[in-house]
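Here's what TrEMBL has on this protein:
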{"type": "DOMAIN", "residues": "5-425", "note": "domain 'Enolpyruvate transferase'"}
{"type": "BINDING", "residues": "K20, S21, R25, S164, Q166, D317, K344", "note": "3-phosphoshikimate binding site"}
{"type": "BINDING", "residues": "K20, G91, R119, Q166, R348, R390", "note": "phosphoenolpyruvate binding site"}
{"type": "ACT_SITE", "residues": "D317", "note": "active site, proton acceptor"}
Amino acid sequence: MKSVRKVRCLKGELRVPSDKSISHRAVILPALAEGESYVQEWLWSKDTLATLNIIRALGVKVRYKNGTLRIKGSNFELSEPQRVLDAKNSGTTARLMLGVLATQRFFAVLTGDQSLRRRPMLRVVEPLRRMRAHLDGREGGDKLPIAIRGGALKGISLFNKKASAQVKSCVLLAGLRAEGITEVYEPYLSRDHTERLLSAMGVKLISYDGKDGRVVKLEGGQTLKATEILCPADPSSAAFFTAGAVLLEGSEILLKDVLVNPTRDGFFRKLREMGAHVQYENLREISGEPVADVYVKYSGGLKAVDVHPEEVPSLIDEIPILAIVMAHAQGVSTVRGAGELRVKESDRIKAIVENLRRMGAKVEEYEDGFSIEGGTPLRGALIKTYGDHRIAMSFTIAGLTAEGETQIDEPECVAVSYPNFFQDLERLTC
Ligand code: S3P
């Protein structure tokens, strides 16, 4: 249990830990390449360690020296793991690694923690079966543990109607060793880190706006070349401090080296639409990704906003913290088309609605989102995190703005993406 109380403001400079999505890919793709890759500023967290441990269990040599991960690529010659592979709490690990395992002729079993074993996997199992990999698991293959034997794949064309980067990445990774063309369509562009890194590693990718949305295509049999990657700071982690600074009078912070890829920075854009002072400084490109220092100041008189379905992919992981900002804005804010939140690390719609109500906010729940009538001052409450890191961090920030004491029930779950969250928050608190 962690106790949180109202603070005056947030002040200072902070480089939040590196991007989780990029850090997963920064070990998975180099593990498949020819030659040795070097990764700097890699994120050490529970989720990304799950990926690293699986990569090692598949025979890939990874060393860590002087702040650099050195990954000896296998050029797709992985070895059969002797134990069950454990993706722990990480959906990205499970789904991307199933795509990798599908390229291999050996037998492997993948599992995860209690939360991950409840999350849907058919979205990757079905396309991989269509590519001719053999997969079996609980509930017809929808739930982990899943057993897989791959090899001799055939390219497919997939319409990815939920615009999921995990599904897209899984199928593209399998497509690298499939016969012919593999293509993925999505109604809106989901995060494109896999495509950016594949291109940087010499893979020829074709992506364009098709009539049903975005298309990305590749031809099987291409080799990945080793590369150097510098991981930028995670906008999803930066979002918590950004919200805190916007809401607490007198705050002023600078968040360094933040990834501002347009498929990821929807939260910052939404805050600006609400009238918040969030500014990108020193915009530059690092390892093929746009990066900026984000300057944030207290912003009074925030206006309510709506999040529309097509905007959801660019801020999907920030919706819990956006909900906290919405609770402080004047008017009714809504989020729709975000049903995916129900199958994240927890049912995030339920967790947001339930915990905000406990804090006294006026919230309505929908199957695919919620609406919040902002402006009622929040009061401290007991927060049920459901073991979900983003719920824990979002409601810690809510607690900083509330009267009385807020208690967070499983604060240690922040280690999934941000092991030093509470220490960093303490440092910025004035
Ligand atoms: C991720 C993709 C998103 C996101 C998750 C990380 C990724 O999920 O919510 O936290 O690294 O590819 P979906 O692909 O299911 O939308």
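Numbers run from 1 along the shown chain.
In case you wondered, yes, glycine gets a Cβ from its N, Cα and C as well.
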Shortest C-alpha distance to R25 (3-phosphoshikimate binding site) - which of the binding-site residues G91, R119, R348, R390: G91
DSSP-derived class (H/G/I helix, E/B strand, else coil) of R25 (3-phosphoshikimate binding site): helix
Local confidence of the prediction over the domain 'Enolpyruvate transferase' (5-425), expressed as mean pLDDT: 98
Contacting binding-site residues for ligand 1, chosen from K20, S21, Q166 when the Cβ sits under 6 angstroms of any of its atoms: S21, Q166
R348 (phosphoenolpyruvate binding site) to S164 (3-phosphoshikimate binding site) - Cα separation in whole Å: 17
From K20, S21, S164, Q166: binding-site residues whose CA lies within 10 A of R390 (phosphoenolpyruvate binding site): none
Rounded distance in angstrom between the Cα atoms of Q166 (3-phosphoshikimate binding site) and G91 (phosphoenolpyruvate binding site): 8
Count of other CB atoms lying within 10 Å of the CB belonging to R25 (3-phosphoshikimate binding site): 25
Other C-beta atoms that fall within 10 angstroms of the C-beta of K344 (3-phosphoshikimate binding site): 21
Distance [Cα-Cα, Å, rounded] between K20 (3-phosphoshikimate binding site) and R119 (phosphoenolpyruvate binding site): 19
3-phosphoshikimate site span - longest C-alpha distance across K20, S21, R25, S164, Q166, D317, K344, in Å: 19
Residue pair D317 (3-phosphoshikimate binding site), G91 (phosphoenolpyruvate binding site) - Cα distance, angstrom, rounded: 13
All-chain count of other Cβ atoms within 10 Å of Q166 (3-phosphoshikimate binding site): 24
Cα-Cα distance linking R119 (phosphoenolpyruvate binding site) and K344 (3-phosphoshikimate binding site), given in Å to the nearest integer: 7
